[in-house]
């Protein structure tokens, strides 16, 4: 006899938190109610802490504003960005769950080509719970999906795959463009739904978008620092990309996987390209230095935990990128503060060994 779907517990119900950064009432949650309501929400309120943020009834949530961040972290609160969506990483730090899904408040439920609502969270969970294959590319993309497998010529020694640390989802409607591209393509919309998930190969960086992102907090959480951005900083809108570059370098070193592709969400709001240009201006120049830097980062063998890897990257940021601009010396110090704060709230257990599948 079939079990009624209503009696089936949502996957990872007690092992996953949903982190949402916001400055406004969270009416968007109404559309997500069928998918999000069983889960615990961590809402990080940016901007004026005296403003009341309304959350629809029926959701299990905790809400933290700047006063809470200052109270919980004390002097170390300086590492959490203000007036920037980078503040979301505070939610990663205070969570006690194994998995995190983070979404922006201008993102809604998308539909697949058949017109069916996409349960983005469920697809992220599938991505995280199946292995990645970063060491050898499978031309059928994710070999663990139904109807797919490893193609002829794929080494059997690699078919076990490695643990998946990050699931990077995509978006329909408003593209995630930088300001110059927004300016020359103001009416462009992403209508292309690609039914694919793939592992990003080892040694390959990617521009990580934080608006539809899930990760295994136990495996990679301390690397998911969204940097010093926004108020008082010379740069914004590079918070998720900074976390993505650091995370990918560490995943490559520790033998962990990163997936990108499904699921899609519906991105509803185009941000102002002129405002964005002001935030991104320095980053557009700096990224030409940042990418070669991350491509050349080498982590020693004794970096066997995410924390050790991250501190080593911060040292290299200060030594090499500090010459590009003083901002990077400040950022390197904030990276160390972030790890110190993380370990205070999440006392580290014994060193995690490099998972099987890591490069030698």
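Note that Cβ sites are derived from N, Cα and C of the backbone, with glycine treated the same way.
Automatic prediction, not curation, is the source of TrEMBL annotations.
Straight from TrEMBL, the features:
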type     : residues : note
CARBOHYD : 152      : N-linked glycosylation site
SITE     : 152      : site 'Required for activity'
SITE     : 159      : site 'Required for activity'
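Annotated pair residue 152 (N-linked glycosylation site) and residue 159 (site 'Required for activity'), C-alpha to C-alpha distance, rounded: 12 Å. Counting every protein chain shown, the Cβ of residue 152 (N-linked glycosylation site) has 5 other Cβ atoms within 10 Å.
The Cβ neighbour count for residue 159 (site 'Required for activity'), using a 10 Å radius over every protein chain in view, is 14.
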